[in-house]
Number of protein chains: 2
Amino acid sequence: MTNNKNTLTGYYKESDEDLWLWDDIPELDMEVGYKVEALLHYERSPFQEISIVDTQGFGRMLVLDGTPQVTTKDGFIYNEMITHIAMTTHREPKRVGMIGGGDCGPSREALKYESVEQIDVVEIDQQVIEVCRRWMTKDSGDEREACIRMIYRDGYKWIQEQKNNLDVLLIDRSDPYGPATSLYKQQFYQYVYDSLTEDGIVVFQSGSPFYNTSILKNTVRSLSKLFPIVHPYVCSIPTFPGGIWSFVVASKKWDPLQADLTRLPCKDTKYIDPETFLASFVLPKYIKNILK
Amino acid sequence: MTNNKNTLTGYYKESDEDLWLWDDIPELDMEVGYKVEALLHYERSPFQEISIVDTQGFGRMLVLDGTPQVTTKDGFIYNEMITHIAMTTHREPKRVGMIGGGDCGPSREALKYESVEQIDVVEIDQQVIEVCRRWMTKDSGDEREACIRMIYRDGYKWIQEQKNNLDVLLIDRSDPYGPATSLYKQQFYQYVYDSLTEDGIVVFQSGSPFYNTSILKNTVRSLSKLFPIVHPYVCSIPTFPGGIWSFVVASKKWDPLQADLTRLPCKDTKYIDPETFLASFVLPKYIKNILK
């Protein structure tokens, strides 16, 4: 496995030098390099190249096709921010769905709510789940993890079979290229709406509000056609290019800005608390202007 | 000037390939590369290598010793966030001092307050100012720019001569290595306190709260020994490694959390408005924990 490193997407090693992982951000004509302490795992699944590395700066990292996805040092920010806004806003989420989120981070966040009875994690690539279980996610020993059901399918097909049965849905879609393209169609937003119960809530990861503003704009526009309550929100994730990242929450009944913040499981969070929850809806002026 | 590119700190060009600028972030074992469209200017001042480049992703960029300092695409965030918190909080700032801030961005923000009579910008390297004037800062044609006085001196020496005469002081110090080291001494904080009027306010740039937490911690601790009101605050600056960045405001009388936000010159800002002003004081929980 430690041979042929130069042939893995994103990795580069010059003779006796250290191994580096290079993430290319074409929208910014920018590259970000991470010094790799150890390449722990590499495999090619039917969908993508999956690797796990240890880095000095960001700890252990899941990498797909050469792009860092989640790290042990800052992954808590993404996991908490995609999960708790909706889970706290809904008064009693029982059935939760997730499309993507293969590292299981968001599902563990969702389990912190006692009302939860079932979490369906829909991930097209079974190998991602298995690699994360082996290398990234320590066994929590929590009996409630039996609530988490893994479904190895295309999220676009799965969502069409869900009708009025999800209280909370989290959509951790990758960029709008390749297999994830369908998750950006207007029809997909309709399927999402139909999958939710009458007081259901959905959250979309919606890309960088700095260099990829069309994802955020289109997500807000598409959801606003269907849902009475739509709010973009942001947080800062150090391993994401540019740092600032956006999400959109859309809700049929409950407004996140009026959420009962005593529901937040603050004993077990590292990023979010009631103040941070509310501040995340305050968009810098240049982002407000994008959405005008 | 376009010869010998490979000898300039940070720049790299392989034979027929594009020129790239590489920023090394040793705390994260990380490198960030920017594709350079044009190297517009390069010189070696008595203090440092100064260059100006055009990039696709971030527009025009001032680079010192190979490290990007400010860009035309996101420089407004830094300039507004180091300036307006203090300028809005003080009810009538007349005399303003700045240590660093050679690109003149913060001084132009400060000029947006009518009460301002004089702004002293103290920059050790005259060449930085001249290069920025030539390449970065369009001539605003604003007559009030006559209020801005450039002082080419070591800020540590200059501050010792200021006694009870500054309403607002902004300290845009670089990292605690080399010539800026003295700006991190406890004695410096005392000089700063003494330079301010009885209702004076100071703001320090205090580094990354993600990977360089000791700067933030030490700044808060040092200022808390002297000032009755001390608040850290954060914002997201895409060209700064990790995105999230910290500042600390310390005030003798006025509390930024009770500022009269109608004073913010919102017609002329791109990042800050009353909501963003207040939200910047909400620290993610992991940063609150650093400061406990």
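Note that Cβ sites are derived from N, Cα and C of the backbone, with glycine treated the same way.
What TrEMBL records for this protein:
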{"type": "ACT_SITE", "residues": "A:Asp172", "note": "active site, proton acceptor"}
{"type": "BINDING", "residues": "A:Gln48, A:Glu123, A:Asp154, A:Gly155, A:Pro179", "note": "S-methyl-5'-thioadenosine binding site"}
{"type": "BINDING", "residues": "A:Asp103", "note": "spermidine binding site"}
{"type": "DOMAIN", "residues": "A:18-252", "note": "domain 'PABS'"}
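Fewest Cβ neighbours within 10 Å among the recorded positions A:Asp103, A:Glu123, A:Asp154, A:Asp172: that distinction goes to A:Asp154. The residue listed as 'spermidine binding site' is 15 Å away from A:Gln48 (S-methyl-5'-thioadenosine binding site) when you measure Cα to Cα. When the Cα atoms are compared, A:Asp154 (S-methyl-5'-thioadenosine binding site) and the residue listed as 'spermidine binding site' turn out to be 16 Å apart. Cβ neighbours of A:Gly155 (S-methyl-5'-thioadenosine binding site) (same chain, under 8 Å, six or more residues apart in sequence): A:Ile99, A:Gly100, A:Val122, A:Ile124, A:Ile171, A:Arg173, A:Leu183. Annotation note: A:Asp172 (active site, proton acceptor) sits in a strand segment as assigned by DSSP. Mean pLDDT of the predicted structure over the domain 'PABS' (A:18-252): 93. Taking all protein chains in view, 21 other C-beta atoms sit within 10 angstroms of the C-beta of A:Gln48 (S-methyl-5'-thioadenosine binding site). Look at A:Gly155 (S-methyl-5'-thioadenosine binding site): DSSP puts it in a helix. In this structure, the CA atom of A:Glu123 (S-methyl-5'-thioadenosine binding site) is 10 Å away from the CA atom of A:Asp172 (active site, proton acceptor). The residue listed as 'spermidine binding site' and A:Asp172 (active site, proton acceptor) have their C-alpha atoms 11 Å apart, to the nearest angstrom.
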